[in-house]
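What follows is a single structure, written as structure tokens, with notes after it.
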Amino acid sequence: MSGLIAYCRQGFEPELAAELRDRAVLLGIAGDIYAQRNHGFVLLRCDPLHVDTLLQQLHWRRLIFARQTLRLHAELKTLNSRDRIAPILAALPKTPCFGDLWIEYPDSDMGKPLAGLARSFGNALRPVLRSAGRLSAQLHPQWPRLHVCFLSGDHVLLGSTRSVDSAPWQLGIPRLKLLPEAPSRSALKLEEALITLLTPNEREAKLRPGMQATDLGAAPGGWTWVLIRQHLRVTSIDNAALRPPLLNHPLVQHVRADGFRWTPPRPMDWMVCDMVEQPRRVAERMAVWLREGWCRHMIFNLKLPMKKRWDETRLCLERFETQAAVPLTLRAKQLYHDREEITVYASNDAR
């Protein structure tokens, strides 16, 4: 068996399946998709000769609805609860030696009850793999990482990935803590966007103290709060009030105005937007900001409809890129802290 394992948000398996299928077709690769709603993962089975290409072109950063992508090695069913280890050892590829081991389960109603089993099984499997020469004695991030994903007590997927090409969090979920002073839980969305959609080098270069930013539809102020923690100066646009600790903050200027109509008096370094509005309207307005040179970098959310969410996502991003009419770096992801939405990062490469 060969192909890809991709984790996703529960309920978005059809969207991830459609995304994988469309992108595989663009690569000229045929494959079989397995996706069941609310299972929290999708399988793409294909010819072994195509797996490397898929992993390079469809790794987690390039896919919108995938939290993690793995090389699929085997699917083991009807495992005996008295000895799950022997079949797993037998099913592993002859090479390589793995540098790390993650025991996982889908982030779904079906998978979450398996968390206890995953913890205990990892403690049992790890020394056996080391004794067999299949797992390094010390952590080796440069070596492939083995993933054992429990779908039930007797059903397991075996996968692997290179640490440099994969999400750095188990299940593809960053564990962020909401600080008590945060004005709203939406702050977690922007925090996750910054660590997911930008590389460490990009964050260092593009989020420098003193930069100017605009937050459209800012109230109650979660995204503004994240930006000022990066020491950016923020103009917060909203007719509604901001919450403490933003009131009278030296880095915050609150302008009571409509975020869709307000225009900046001078070009900004950043613009962020988490307004609840039709996704096409948001995409079109965001494109205006880049086309007019009102900002260099932006992060915004697109609230998705209940049906045809992949089609709407693709249409909105295509319209945005076309109407922006500038050279772009464009990335999008359904984040763990997103709901029925995706988060988009765009940067004007010409400035």
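Cβ atoms here come from the backbone N, Cα and C positions, even for glycine.
According to Swiss-Prot, the protein carries these features:
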- SER186, ALA219, PRO220, GLY221, GLY222, ASP238, ASP258, ASP274: S-adenosyl-L-methionine binding site (BINDING)
- LYS303: active site, proton acceptor (ACT_SITE)
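Locations of recorded Swiss-Prot features on the structure.
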| residue | record | Cβ within 10 Å |
| --- | --- | --- |
| SER186 | S-adenosyl-L-methionine binding site | 19 |
| ALA219 | S-adenosyl-L-methionine binding site | 21 |
| PRO220 | S-adenosyl-L-methionine binding site | 19 |
| GLY221 | S-adenosyl-L-methionine binding site | 30 |
| GLY222 | S-adenosyl-L-methionine binding site | 24 |
| ASP238 | S-adenosyl-L-methionine binding site | 22 |
| ASP258 | S-adenosyl-L-methionine binding site | 12 |
| ASP274 | S-adenosyl-L-methionine binding site | 23 |
| LYS303 | active site, proton acceptor | 17 |
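With respect to their backbone Cα atoms, ASP258 (S-adenosyl-L-methionine binding site) and the residue listed as 'active site, proton acceptor' stand 18 Å from each other. Here the binding residues for S-adenosyl-L-methionine are SER186, ALA219, PRO220, GLY221, GLY222, ASP238, ASP258, ASP274. Their largest Cα to Cα distance works out to 20 Å. Taken residue by residue with DSSP, GLY222 (S-adenosyl-L-methionine binding site) is part of a helix. Proximity to the residue listed as 'active site, proton acceptor', defined by a C-alpha to C-alpha distance within 10 angstroms, is shown by the following binding-site residues from PRO220, GLY222, ASP274: ASP274.
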